[in-house]
């Protein structure tokens, strides 16, 4: 059941991240967010402090392929630099969705949520706990394991696994 009612605008949530690459943990959060919102905008953040393995466009295509059946309900956008909360407002979003893997994630995310709330009171932060089976994975760990020839087949979609193999073992 989403936050949408018949007399209101469709509910929109923004799920930001670098998604370099998208993992099954990310997919789990997006699927669960769809139960809360009519539309989920997956916002690919450009982080100047990180050197991504995949271009923004490659990440966009990677994510769209994961959700071909949900076209229209899941929209993937590359976010230009700037405040995420402003992007959320521009998209008509009611909430920023964040996945939490551990208590250590909460400290950082809590600070961001408070700052976003100070900047724009109308946009809520919603925290979804990562499903237990994905709690230990991150995009960085996936890249490291793949680069060193480890098996990531049950941690990412098949097309993502192939793309990683192409990057590391052309």
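First residue shown is number 1, and so on along the chain.
The backbone N, Cα and C atoms fix where each Cβ goes, glycine too.
Taken from Swiss-Prot, the feature substrate binding site applies to 18, 50, 84, 98. Residues or ranges marked as ATP binding site by Swiss-Prot on the basis of sequence analysis: 18, 19, 26, 99, 100, 101, 109, 134, 135, 136, 137, 138, 139, 140. Positions annotated as site 'Transition state stabilizer' by Swiss-Prot, on the basis of sequence analysis: 26.
Summary: among the binding-site residues (84, 135), the fewest other C-beta atoms within 10 A of the C-beta are counted at 135. In sequence order, 23, 24, 25, 155 constitute the residues six or more apart from residue 137 (ATP binding site) in its chain with CB-CB distances below 8 Å. Rounded to a whole number, the C-alpha distance linking residue 26 (ATP binding site) with residue 84 (substrate binding site) is 18 angstrom.
Among the binding-site residues listed (18, 84, 98), 98 has its Cα nearest to the Cα of residue 135 (ATP binding site).
Residues near residue 139 (ATP binding site) in space but far in sequence (CB under 8 A, at least 6 apart, same chain), listed by position: 18, 19, 20, 21, 22, 23.
DSSP assigns residue 139 (ATP binding site) to a helix in the three-state reduction. Recorded residues residue 50 (substrate binding site) and residue 100 (ATP binding site) have their alpha carbons 20 Å apart, per Cα-Cα distance.
Residue 109 (ATP binding site) sits 8 Å from residue 98 (substrate binding site), counting Cα to Cα. Secondary structure at residue 98 (substrate binding site), taken from DSSP and collapsed to helix, strand or coil, is strand. Following the DSSP three-state reduction, the secondary structure of residue 18 (substrate binding site) is coil. Taking each Cβ in turn and tallying the other Cβ atoms within 10 Å, the top scorer among the binding-site residues 26, 50 is 26. Summarising the environment of residue 100 (ATP binding site), the number of other Cβ atoms within 10 Å of its Cβ, over all protein chains shown, is 17. Binding of substrate is attributed in the record to 18, 50, 84, 98, and the widest Cα separation among these residues amounts to 19 Å. Put simply, residue 84 (substrate binding site) is 18 Å from residue 100 (ATP binding site) when counted between their Cα atoms.
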